[in-house]
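Visitor: Can you read through this structure? Questions will come right after.
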């Protein structure tokens, strides 16, 4: 619960970055990113280390790697522009935050495509002590 409370506090009044990612997940996956992915496996949520535990956790690993390559825009705060076109996310504009939009888009689609691996009973609030293996490179 503490993690959810912290995330809720951080997102209050925010209309870019993580809030846009949350809205994208809701639209694509039909579930809340905060309630479903903020503390899942070794990589979903703040930080991340070890080996991804399933395909859903790997979505978060790849998303973290993608954020790590972004320059000129804070992925957690930067605002980007996107729209929906025939059920697809379209990242718009040419600014540096478009990279963040593309990272978020790929993660939302990855979550949707791997819903069959999502195991809340096994990996929700997964102990960090179980994520001690060496991380693979991005």
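Just so it is clear, glycine is given a Cβ too, placed from its N, Cα and C backbone atoms.
According to Swiss-Prot, the signal peptide annotation covers 1-16. Here Swiss-Prot flags 42-131, 44-60, 59-110, 65-138, 66-103, 73-97, 91-101 as disulfide bond, drawing on similarity to another entry. Taken from Swiss-Prot, the feature Ca(2+) binding site applies to 43, 45, 47, 64, supported by similarity to another entry. Marked as active site by Swiss-Prot on the basis of experimental evidence: 63, 104.
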Visitor: Inside 10 Å of the Cβ of residue 97 (disulfide bond), count up the other Cβ atoms and send me the figure.
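Guide: Excluding its own Cβ, the number within 10 Å is 22.
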Visitor: Taking just the CA atoms, what is the gap between residue 64 (Ca(2+) binding site) and residue 103 (disulfide bond) in Å?
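Guide: Between the Cα atoms of residue 64 (Ca(2+) binding site) and residue 103 (disulfide bond), the distance comes to 9 Å.
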Visitor: Which of the recorded positions 45, 63, 104 has its Cα closest in space to the Cα of residue 138 (disulfide bond)?
Guide: 63
Visitor: 10 Å Cβ neighbour count around residue 101 (disulfide bond)?
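Guide: Its Cβ has 25 other Cβ atoms within 10 Å.
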Visitor: Taking the Cβ of residue 60 (disulfide bond) as the centre, how many other Cβ atoms fall within a 10 Å radius?
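Guide: Excluding its own Cβ, the number within 10 Å is 22.
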Visitor: Within 10 Å of residue 44 (disulfide bond) by C-alpha distance: pick out those among the disulfide-bonded residues 59, 66, 103, and say none if nothing qualifies.
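Guide: For residue 44 (disulfide bond), the disulfide-bonded residues whose Cα atoms are within 10 Å come to 59.
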Visitor: Can you tell me whether DSSP puts residue 44 (disulfide bond) in helix, strand or coil?
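Guide: DSSP assigns residue 44 (disulfide bond) to strand.
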Visitor: Using a 10 Å radius around each Cβ and counting other Cβ atoms from all shown chains, which of the disulfide-bonded residues 91, 103, 138 yields the largest count?
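Guide: When each Cβ's neighbours within 10 Å are tallied, 103 leads.
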Visitor: How many neighbouring Cβ atoms, not counting its own, are there within 10 Å of the Cβ of residue 42 (disulfide bond)?
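Guide: Excluding its own Cβ, residue 42 (disulfide bond) sees 26 Cβ atoms within 10 Å.
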Visitor: Can you name the residues of this chain that are 6 or more positions from residue 47 (Ca(2+) binding site) yet have a C-beta less than 8 Å from its C-beta?
Guide: none
Visitor: If you measure C-alpha to C-alpha, which of 59, 60, 63, 66, 91, 104 (recorded positions) come within 10 angstroms of residue 42 (disulfide bond)?
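Guide: So the list reads 60.
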